[in-house]
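Heads up, the thing below is written out as structure tokens.
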Amino acid sequence: MSTQPFIGAQEYFPGIGAIPYEGTGSDNPLAFKVYDAQKRVGGRTMREHLRFAVCYWHTFCNAGHDPFGPGTRRFPWEKGEPMATAEARVDAAFEFFTKLGVPYYCFHDIDLAPDADDVGQYEKNLRHMAAMAGERQRATGMKLLWGTANLFSHPRYMNGAATNPDFAVVSRAAVQVKAALEATVELGGEHYVFWGGREGYACLHNTDMKRELEHFARFLAAARDYGRSIGFEGKFFIEPKPMEPMKHQYDFDSATVAGFLHAHGLQDDFMLNIEANHATLSGHTFEHDLQVASDHGLLGSIDANRGNAQNGWDTDQFPTELYDTVGAMLVVLRQGGLVGGLNFDAKPRRESTDMEDLFIAHIGGMDAFARGLEVAHALLTASPWEQWRRDRYASFDTGDGKAFAEGRLGLADLAALATKNGEPAQASGKQERYENLLNQYLLR
Ligand code: XLS
Ligand code: CA
Ligand code: CA
């Protein structure tokens, strides 16, 4: 691995070196307070548990535009011409990854390379930029967590991509998925994501939902088959989101996607990538959607961000809420880790315009998850938390309760037992006891 502080001809983040771990006593905004890559928690290092990834789209392409105004951040890699910008951006990105000290990154086809309506030009652009990214991966040791195709920005996808009512658009979407899969394989990408941004509807009057969902499953199966044929061995992840940009999106939440995957026989190749802010948009907590995915054996990866408690939209803020990160890591640790990782699908606020804010935002997210990891690990291994949960269900461990759980008692048997046993004794749920225990460990 190179020791040079930057990759190309220019340093894009001058004055910022490798981000050190300095501990909670440090006031240095450009240092980790909790995330200490080599620190062991249980049997693994923090780096191995958390498998952090930086996303290409928000961090290097999103200058902070919103529906009311353009971007505010002046990226020094903007060269005024799309390919020159893409080439400068890849150097800036790898400089950023290296200085931050994350193992992974993620991209969409058209954040890495300029888009083009002409299929040949689009493919040429992506191949060129994937080759550049590959060189920089080899120079730095960085790895690709997942690749994906943007099937939602171009106007041709206004009525959906794989679920578009027009077959011409469905087949055009295949151009991008095929090329993005090829780029992912070329770059050794561990997984591949489908976020169905416009796979849904704006109006049910004009929509044959059943037909669209059948097409969606056909398209995903075709992508899987193509991926396997070119040597892709990772998981395909579906990323649920209930709405925005569409009124209704088919990958609504974990439960919906789990049902869809099973209904179409896709559950062996596909898992879920759960984004915190998407879970909250669907009316759940982040932890809820993680737990549902995990209970189905489908929790593969996480898009680490947070929403805003007062706003009902997808604000994609950096994760700093410790209750959220503890809750997430409880689910992750209980299932033995992630085949994917924690990708920061998050953007600094529009008002955060200094280049160092990109680092500060990621440092905060990494520290919040590192603390979540430590607290969740302690709760699971050194506190009575798991025993309390087990004790709550102890009546199913022996005797008649066990016979019921194993399917050996019918409804009449159950009713006869209740008649014999009389009114059940009251059993407190003890919610506050768990909440207090969590706080006690957070404060340690
Ligand atoms: C948008 C999604 C998107 C996916 C990848 O809301 O989060 O960024 O993660 O297409
Ligand atoms: Ca996401
Ligand atoms: Ca989001």
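Using the three backbone atoms N, Cα and C, a Cβ is placed for every residue, glycine included.
Feature annotation from TrEMBL assigns active site to HIS108 (among others). Residues near HIS108 (active site) in space but far in sequence (CB under 8 A, at least 6 apart, same chain), listed by position: TYR56, TRP57, GLY147, THR148, ALA149, ASN150, ALA180.
Residues or ranges marked as active site by TrEMBL: ASP111 (among others). Residues within less than 8 Å, Cβ to Cβ, of ASP111 (active site) and separated from it by at least 6 positions along the same chain comprise TYR56, TRP57, PHE60, CYS61, ASN150.
Taken from TrEMBL, the feature Mg(2+) 1 binding site covers GLU239, GLU275, ASP303, ASP345. Over all protein chains present, the Cβ of GLU275 (Mg(2+) 1 binding site) has 27 other Cβ atoms lying within 10 Å.
For GLU275, HIS278, ASP314, ASP316, the entry in TrEMBL reads Mg(2+) 2 binding site.
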Candidates HIS278, ASP314, ASP316 (binding-site residues) - the one closest to GLU239 (Mg(2+) 1 binding site) by CA: HIS278
Could you name the residues, excluding GLU275, HIS278, ASP314, ASP316, of the same chain that surround the Mg(2+) 2 site, i.e. Cβ within 8 Å of the Cβ centre of those residues, in sequence order? LYS241, ALA276, ASN277, LEU281, ASP303, ASN305, GLY307, THR315, ASP345
Scan HIS108, ASP111, GLU239, ASP314, ASP316 for recorded positions whose C-beta lands under 6 Å from an atom of ligand 3 and note them, or write none. ASP314, ASP316
Kindly point out which of the recorded positions ASP111, GLU275, HIS278, ASP303, ASP314, ASP345 have a C-beta less than 6 Å from some atom of ligand 2. GLU275, ASP303, ASP345
Using the CB centroid of GLU239, GLU275, ASP303, ASP345 as the Mg(2+) 1 site centre, which other residues of the same chain sit with their CB within 8 A? TRP195, LYS241, ASN273, ILE274, ALA276, ASN277, HIS278, ILE302, ASN305, ASN343
Enumerate in sequence order the binding-site residues GLU275, HIS278, ASP345 whose Cβ-atom distance to ligand 1 is under 6 angstroms. GLU275, ASP345
